[in-house]
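Everything below concerns the one structure shown next.
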Amino acid sequence: MKILVLLLFFSICIVSYSVQIEQNDWNLPLYTLNTTTQQRNYCGTNGLNIITCFNDTVQRITIRHVPAKKNKLLSTIDLICFNSLISIAVIDANTENNFLYGEFPLKLESLRLDNGNLTSLFNYVDLSLGFNNTIVRNQIKKLILYGGVSKSENVNIYFSTLSHFSNLYFYIEDGATITNQTNFNFINDLNETKKSSFQSITTYCSNVPSLDYNNVILNYVEFTYLPSFDYESVSNYSTYSNVVSLELNSNKNDQVYPFPLGLSKIPPGNQLTSLSINHLIEKPPYFIDLSNLDSNISRGIYTSNQIEILNAGNSFNIDGVFPFTSFPKYLDSFTFEYGNLSRLPDFENIFNENIEYIDISNNIITENITRTLEWPGRTITLYLRNNHLKGSIDESWCKFNLEIYGNSLSGEAPSCFVCHINSNSFAITGNAFSNMELKPPCTSVILNLWYDNSTKLLFLYGQDIGFARSDFKLSPSSFNPYCGLLDEKVYENVRNGLFCLNYSLPGPVPLHINITYPKMPSNSPVKTFEISAYNMYLPLINSVSKDSKTNLYTIDGQYFAYNSTVITVLVDSQICIVVSCNFREIKCLLSKNNNNNKNNMINTNYLLSVQIMNVSSNFNLTKCPNDCSGAGICDLNLGICSCNSNRIFDDCSGFKCIGDCTSLTNSECNFTIGKCECISGWEGDDCKTQLFCPNDCSGSDAGNCDYITKTCNCKQGRTFACNTDCLNDSKCNFTIGKCECIPGWEGDGCSIRPKCQNDCSGGDAGNCNYITKTCICKQGRALDDCSGFACNIDCLNDSKCNFTIGKCECKDGWEGDNCNTKQPNCPNNCSESGICDRSTLKCLCDSDRLFEDCSGLKCIINCNNNSICNNKIGKCECLSGWFGDSCENSEKSSSESSESSESLSKSNKTKVILLCTILPSIALIGIILVVISLKKRKNEDQYKYHIKLK
């Protein structure tokens with residue numbers, strides 16, 4: 001029999017060899033010719049572009065049309081002779097029912113069928129052929145179906161029909177009519193002996209098929225749901241353990257579909273790393289936990305573990321709350337757009353440390369932001385665009401690649417936006433930040449530079465250094481904007497935090513560079529920063545000076561830093577606190593206690609050390625005389641004082657006189673107090689005013705003036721001498737004989753100071769204004785007598801300053817030094833059924849409540865017989881066959897008890913039935929029989945009577 005089949009096959013090929021076919025005669029016999037027959041030179045065919053050849057063998061065939069006639073149906077036998085064929089495309093052709101089963105040429109890689117009748121392809125196939133292992137089938141890479149769905153409203157596709165294809169691509173033609181009755185169903189009829197090797201599936205569908213018995217990793221699955229979609233079939237996603245990437249779309253944009261909850265049932269150890277949903281999603285029945293999706297496929301430039309919800313819709317939330325509780329450990333990208341969320345998710349607790357990108361834009365989130373955003377892991381991109389967020393954001397948000405435009409935020413924008421607003425205004429536009437209109441200067445940039453010897457790369461990092469590499473320019477400029485991949489390590493730029501600089505020219509890497517921010521606000525004090533790699537230069541100290549009053553040291557030199565946290569200054573082993581720094585200058589403040597110790601040193605020389613990161617330099621200091629008496633700048637290089645303008649002498653211990661009395665003969669300067677001392681007969685700050693007798697001795701009738709002594713020699717009876725000396729610039733009123741005190745003095749001789757309230761609580765608290773008799777409190781003290789401690793900041797939100805301790809006392813619900821921060825609250829305000837422990841932000845629920853937010857009701861009694869407590873209503877939900885408050889009663893035992901009781905009463909009921917039913921029935925029957933008998937007798941009498949008449 002086999003021999004006859006072979007002879008028949010070869011006879012067909014021989015007949016075909018002998019038939020001459022014209023070039024444009026593209027009919028069925030053409031497809032049955034073997035390339036080895038050489039009957040026609042296929043590879044010489046031109047014009048219709050339906051045959052592609054290589055080395056005189058046919059490799060690709062496009063069949064444009066086969067009429068829909070029974071004897072013209074395309075069969076795989078028509079193609080099997082082309083043994084070098086790798087691609088077949090059939091356009092507007094009609095095929096035999098079992099066409100997809102093959103056999104096909106062994107080298108075939110791609111089969112495309114356009115605009116065919118899918119019913120003939122799938123609905124009328126012989127399913128047994130799919131399990132017939134005697135048919136030789138090679139694994140074909142691609143099956144492409146384009147169109148045909150509108151011609152075949154109800155199609156069932158069995159996996160056994162497609163199991164020998166690796167990649168499936170089913171597309172709907174443009175303009176196809178799709179209705180609720182258009183069904184395109186996939187049926188997985190595979191088993192242990194018949195498995196598939198699907199590597200990718202792209203199709204429209206009316207259901208989600210199971211992927212059991214697919215024995216390879218399925219790299220990509222894309223479903224486009226039809227209107228007839230079976231919602232219950234999403235449970236089959238639990239079988240998608242070997243799927244790497246899943247994309248879900250909708251053929252009807254306004255139709256709402258369920259979330260693929262089956263994904264949360266996939267066992268650990270799965271392959272899924274990418275989920276993209278681009279259709280409206282209905283409200284989930286519960287909060288979704290996707291932590292089971294634990295695939296940790298190696299990270300690289302082109303791969304990521306991502307979840308995208310691109311068109312969530314109004315329903316995909318739980319009362320406005322983010323519908324997820326946990327995500328995969330290795331998730332690094334998440335998008336949730338065009339939803340209806342009213343609150344931000346709990347970023348820190350829902351997302352894991354590997355997350356790099358979060359986009360929750362185009363929702364209606366109205367939350368009032370008051371919190372600092374902490375993140376345990378990577379610096380991430382965070383997009384919250386086009387929501388309704390209120391409140392303010394602090395500097396903690398600067399470490400993110402943040403875009404938050406189109407919201408209602410207020411307060412001051414963080415410094416990262418102040419410094420780079422001209423190049424990143426789009427990121428925060430559409431808000432109401434108070435400092436953006438004022439265009440404040442940028443003063444917060446802190447730059448650091450580090451050189452990696454192993455990779456020859458420079459790393460620029462710090463605070464407010466720019467959102468993008470384009471925000472600054474480098475000199476020299478020959479640095480690549482990106483470092484790329486080196487030694488399998490990704491050097492990624494981090495907005496506002498880290499930039500990698502790769503020198504592109506041969507030769508040594510410049511380790512001393514200038515960084516300019518051309519778009520920084522024009523009123524910024526510094527726009528160009530000179531910086532060097534900390535680990536490649538020793539700090540160079542040129543000179544050191546000290547303000548002897550404040551103990552402020554000024555260190556001039558090179559190769560310093562803009563970041564005070566990497567600088568350590570020691571003055572003779574004592575820490576000098578850095579208050580400002582840049583590449584060429586450091587200012588630091590030494591404790592006065594430490595400085596006093598230095599003043600008492602016998603040696604005049606001591607050591608200053610400057611350490612930048614891990615490198616340091618020392619500088620010998622020479623002490624100035626008397627430490628410049630706290631009234632000058634000490635040049636610690638030379639040990640010479642530069643005195644303040646009002647001081648004099650080498651140690652600045654003297655006070656210059658206000659007036660120029662040093663050149664006069666009638667006075668001399670007292671450098672101890674800084675005043676001119678006039679000789680007799682002269683007065684004034686500069687002793688240039690000559691003294692005359694007071695009031696010209698009231699006229700000659702009262703006395704005479706001694707012009708040498710400038711005193712009056714009074715005549716007898718013309719003076720009222722004061723009994724005591726009039727001190728402190730007071731004068732004697734000779735009219736009354738008493739001293740007239742100037743303001744600030746009192747007493748007979750004007751020698752007593754007035755008293756202030758409580759003596760201003762001592763000299764450490766305040767000083768008395770003797771003129772007004774009021775206290776002038778020192779910084780940090782308050783109240784009329786300076787006995788209280790001032791709050792150094794304004795107490796906000798109706799809070800008051802407690803002058804006893806010097807701190808603001810906040811109203812309930814507020815906290816912070818100035819009561820400007822709302823106290824955090826527990827979840828859902830503990831559902832008003834518990835107490836919020838603000839130290840832990842956890843609820844202490846009432847005794848009848850449970851759950852984190854006290855929203856659940858405990859059942860009053862234990863639920864028996866495997867029943868479950870319904871925590872929404874606080875009652876037991878019994879299993880079938882049980883009832884009662886605690887499900888303690890069985891319907892079976894109740895039924896038996898009822899039957900027993902019923903049997904006991906049956907005898908009594910029987911008696912009643914006999915008395916009340918049977919006996920009356922017997923009596924009734926008897927009456928009826930009597931009536932019938934009487935009637936019958938009457939009829940007989942009437943009959944006899946008629947007979948007689950006749």
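Here the Cβ of each residue, glycine as well, is placed from N, Cα and C on the backbone.
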### Task
Look at the disulfide annotations in TrEMBL and name the partner of CYS722 from this list: CYS705, CYS712, CYS732.
CYS732
### Task
Check TrEMBL and name the cysteine among CYS786, CYS791 that pairs with CYS801 in a disulfide.
CYS791
### Query
By a simple count, how many Cβ atoms lie within 10 Å of the Cβ of CYS722 (disulfide bond), its own Cβ left out?
19
#### Entry: CYS810 (disulfide bond) - helix vs strand vs coil (DSSP)
coil
### Query
Of CYS741, CYS810, CYS819, which disulfide-bonded residues come within 10 Å of CYS732 (disulfide bond), going by C-alpha to C-alpha distance?
CYS741
## Note on the structure
Closest by Cα to CYS819 (disulfide bond), out of the disulfide-bonded residues CYS722, CYS741, CYS869, CYS887, is CYS869
#### Entry: CYS801 (disulfide bond): tally of other CB atoms within 10 A of its CB
20
### Query
Roughly how many Å separate the Cα of CYS791 (disulfide bond) from that of CYS722 (disulfide bond), to the nearest whole number?
50
### Task
Work out, from DSSP, the number of helix, strand and coil residues along the domain 'EGF-like' (855-888).
0 helix, 10 strand, 24 coil
### Query
What is the interatomic distance between the Cα atoms of CYS801 (disulfide bond) and CYS878 (disulfide bond), given in whole Å?
60
#### Entry: CYS750 (disulfide bond) to CYS722 (disulfide bond) - Cα separation in whole Å
12
## Note on the structure
Whole-Å Cα distance, CYS810 (disulfide bond) to CYS859 (disulfide bond), is 40
